[in-house]
Ligand code: BG6
């Protein structure tokens, strides 16, 4: 039993180190997130942020790079001179070449060079290439800065298959205990994703319907309009299945399908999620052929602007990497037996939208003459982004005499309207949770490995197949085979606003 479910206190003193402190993630996401929390008065007074990178910057140089990043990535209405200056004063930079023992000694000295160094909780955020995770942890151990309260934060990808994920987990696990390891899946920090748990379990009306008796199928879509941009080198080794499905989409699926935990605690939610991953129908090679679709974008128009093909973005042809995946799976347990879960994600799609659609069964009997073909099954759209909220599609009577004319209508809940407040970025919640030592919204080792166990047969089959990803023009909903995947089951993808 969790001794203190829900109570995780902020430490009074903290040294938050970002390895990769001048990188894109640090400047675009981590530092703006920490700034916002500081603005809300949530960072401990005695809190330093240490940037470590290969750059030759001194503290002043890093502070001005971070100032520029805040101007670029924080809403101007949230930028106050005093608050920015106070935040920047917490920042220190160290140039570190990971192969130079002397540089690690200097890092050690930097951690010691503060009042009460032994009392500060140390967070090591590894925003570096995943191949370096093990080596960085070993170095931290060797220089003696890892104590019982220290935490390490890892960005995905954790490995590129099950074996490599185990190697990373083993290497990190030799230095940090599991409760000290925070594996980020930033989707879990999104407000709308956290709200999924609340919607399901702080209300009663959905639960009796949330099963194979009433749910026909579930669709999970994460569509992006961006291409691979400057990340081609990473992306071409990963592809959409590793980059998005193995983590973000499976995590969303877990939150939709999981059983209610007894309470929201550091292990209870993760215990339930891992059961869902373990219950996913394993894919045989024949299943991969029938139940998955891979695509790759060609040149096209996104928001009316011409955009290049994946090969042009990459700078060479000949890659077999997918930028789109659609697949069908099933959660083989009592609640969900026989209910298909359709997942789809892609880059350079017609619009940016992440949503979960729960499609309910048709009424068992149609009692309104002439209504056949007019009514649609009830659908609950859970809108993850960009317009967070929920939409329930119902059938209603059109007002006026002349019998029952039925029409589709919707009940809309927009979080922006319901709560007149800024929705914090996912990293704000997650970084605070790291400092508080609350791992609920982070991926546990067994979750990551269960997700790879399910994903790996797909990767293997694709690697051995002579078939290439199907082409789709940028700015569309993906290859036609993705539509066929549902049509052959008598279903269609539910696009928002339909
Ligand atoms: C990242 C992927 O994890 O998530 C990117 O590596 C993707 O390829 C991004 O673009 C999407 O995140 P969001 O929050 O913009 O939906």
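Keep in mind that glycine also has a Cβ here, set from the backbone N, Cα and C atoms.
For residue 248 (active site, proton acceptor), the number of other Cβ atoms no farther than 10 Å from its own Cβ, over all displayed protein chains, is 22. Annotation comment: TrEMBL describes 248 as active site, proton acceptor.
Annotation comment: TrEMBL describes 486-498 as compositional bias 'Basic and acidic residues'. Beyond the compositional bias 'Basic and acidic residues' (486-498), the same-chain residues lying 6 or more positions past its ends with a Cβ under 8 Å from any Cβ of the stretch are 216-217, 219, 221, 328, 340, 342, 344, 353, 355, 357, 359, 379, 381, 383, 391, 477.
The domain 'Glucose-6-phosphate dehydrogenase NAD-binding' annotation in TrEMBL covers 18-195.
Residues or ranges marked as region 'Disordered' in TrEMBL: 466-498.
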Please work out the helix, strand and coil residue numbers for the region 'Disordered' (466-498) from the DSSP assignment.
8 helix, 5 strand, 20 coil
